[in-house]
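Feature annotation from TrEMBL assigns transmembrane segment to B:16-34, B:99-119, B:139-171, B:177-197, B:209-226, B:256-278, B:313-331, B:360-382, B:410-435, B:447-469, B:476-499, B:519-543 (among others).
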Ligand SMILES: Nc1ncnc2c1ncn2[C@@H]1O[C@H](COP(=O)(O)OP(=O)(O)OP(=O)(O)O)[C@@H](O)[C@H]1O
Ligand SMILES: [Mg+2]
């Protein structure tokens, strides 16, 4: 891991409870400058709570949080000039128009009483096909979400904190959103993206943290995470090689005559394939792990941190 | 909430036609509503019934024999200071005095209970989107409104029955007791019906409650004018549902037909609400939204607050201005009373002549105006609380807006709006009073102006208390209204129940309410200002330290 200066977000052993609910439980999260960091986890895992701690809206009970080199609680206002936030459930002022809200939020964010870059704002409104003249009370959920996204992107900030930003967007708008995020990253922004849409995280995310029961249970690049999963292999062989079950990383081995089916830790796949090839392969099917399988493994057991090592510490 | 109405509602609208709304699911919603509202409803019930019981007991102990009561009633009949606030005395029996003390106040409290219950069960649910979830299940379009009215009705009828029982147990005649209970329940029903209408017309719960509450305040004020003295315009009482409540004359003439009229009005209002509901979509109002500007000139939190509060602020200022002018026109009619009672004239001349009476009336109308302005102060802080609970504060605070900037954006209007409204009310009252007596800008003008302006620190104290509750325990927000109602009751009925002075002193209202408006109670004003400043300071620090609520 690089020097601390590279970290845009750093949370160490952060605890937060609401009465008897332990929303965050020794949470560790690191986001590096310039990356899109996917933030995944089942409902109620603590994603939004972690984000609210980072925004200085909630005061953590214990632990250390750093954001853009400052303290999210005490330096909230100066930090907020450098970031933009899109909540998952956007409520707007019913009697203001979408355009008015976008200008209000960008003005407040700059802290200088002036909205930033009218050209960029208009371009985004165009790309997201938003009618800025309509009153917010008449917007559909997706359109309300667009107002918040446009207000965030129009600001051209160092850090985008997005909490399920695309819930309610149609597939076309989802594509526009992904384009815009890539552009923002291209011009140097860092993105923390909480999402339930795996394909979105897969196509945007450089690194991913999976949170369950208030703890980050997995963190690393997508490639690293794939390595933590198993590939399933089925083969029709000439003969069954000896010692297959002794090979490292082999699980669920089943042998019927010359048919072999097994699953293998992805980083041990090479040795297993070598053993199979030496036994004369007639047919072979191998399925790489999907992200879904990885996530579902954690989603199945919320609150039970998996013992597997965090890819960060490798 | 989504803007699209469920397609099924279109079908309902065309097939069912006007006025006939399907009620499927009513029973389940009714039970659910009673469960959700049980705490507030029990609190309203307890508050009203216990006040009636306490009043019966107090009059029993204070004035055990009829001669004493007759004398007490006679001394009050000619005293507009009391009648402006509590209404006329129709009978000097213990029941009659109880009806005088609690008939009007009980009706007003029951009306508030009706408004809160109906709006919370209808428009609040729609606003939160929960109603849409329900509307998609096999629940009739009219079921939510019917269930809301049934919840309010159950509680109000319960209150009425208990009030009657309490009076009968206290040894009062059955007829009057039943009628006192009935009038309180019926007044509550009228305003529940009115709230059902405003909940259709406005698309936010706040506006719906505000409109119904404003009409309640207006009803109270109109009948106050009628009750300002025996020479006051008595017919005005018939323009106000709360005036009808007085005209029932429980324990005196026992006019059942006025109760019947009140119930008929409630039914008519419900019919209007049903007709409106049949013509609108779930979550939307009758007033269609028009497009607005594509770019905004709003750049700051104060700008945003001004935009969202200006309508309310103007409405409060105009209402209190008009009310002040009316008050200015009635205060001098108190002089006419002097010819009515020889004993009273003598007593008053000893105290300082007709001026004393006029000043006492001014002080009383000032108190009522101050109460209305205090409601304005508390509800401005309520807007801040709402901004937070609906999640918009989170959005604002994620930008370069400090907690203090957001909070003070509402606390400054909390101070300015009641101050401006009371000053305008005082100017109007003083001018009209002065023109009718000793010239536009003479002592009468000053007296009228002072009577209203002396209330400003009281409204600030309530506003600051509300800010404190919001800053320290936002989940306790509704308690601020209970505290306010408690203070109003203490100041208004406390003295005639001969409660100990320390208890009366708990209410900020007690301190500036006195017969003399020519002398400003500087000590009390100073104490209230210091209290306001201290409460606000704690509120500012508290809000900076706590977690921000999210949706
Ligand atoms: N203000 C609050 N009071 C009490 N409990 C809360 C509060 N906010 C969050 N929680 C609880 O904290 C836990 C984490 O909630 P959080 O909103 O962070 O989850 P999430 O990961 O964002 O879920 P989702 O994917 O559904 O958005 C949940 O159990 C939730 O019920
Ligand atoms: Mg969430």
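Placement of Cβ uses the backbone N, Cα and C atoms for every residue, glycine included.
Proximity of the transmembrane segment (B:476-499) to the transmembrane segment (B:447-469) is established through 3 or more Cβ-Cβ distances under 8 Å for residue pairs spaced 6 or more apart. Long-range contacts of the transmembrane segment (B:177-197) within its own chain (CB-CB distance under 8 A, at least 6 residues past either end) are made by residues 48, 52, 95, 98-99, 102-103, 106-108, 110-115, 117-119, 122, 145, 148-149, 152-153, 156-157, 159-165, 167-168, 208-209, 212, 215-216, 241-242, 244-245, 248, 250-251, 254, 256, 258-259, 262-263, 265-270, 272-273, 276. By the Cβ criterion (distance under 8 Å, sequence gap of 6 or more), the transmembrane segment (B:209-226) is not counted as touching the transmembrane segment (B:447-469), fewer than 3 such pairs being found. Where the transmembrane segment (B:360-382) meets the stretches B:139-171, B:313-331, B:410-435, the count of C-beta pairs under 8 angstroms peaks at B:410-435. Put simply, of B:99-119, B:256-278, B:313-331, B:410-435, B:447-469, the stretch with the most CB pairs closer than 8 A to the transmembrane segment (B:139-171) is B:99-119.
Counted as Cβ pairs under 8 Å, contacts with the transmembrane segment (B:447-469) are highest for B:410-435 among B:99-119, B:256-278, B:313-331, B:410-435.
For the transmembrane segment (B:410-435), the list of distant contacts is 302, 305-306, 309, 312-313, 316-317, 319-325, 327-329, 331-332, 362, 365, 369-370, 373-374, 376-377, 380-381, 383-384, 387, 441-442, 444-453, 455-456, 459-460, 463-464, 466-467, 536, 539: same-chain residues at least six beyond its ends, Cβ to Cβ under 8 Å. When Cβ-Cβ distances below 8 Å are used as the criterion, the transmembrane segment (B:313-331) is approached by residues 80, 214, 217-218, 221, 225, 228-229, 232, 358, 361-362, 365, 369, 372-373, 376, 413, 417-418, 420-422, 424-434, 436, 448, 452 of the same chain, each at least six residues removed from its ends.
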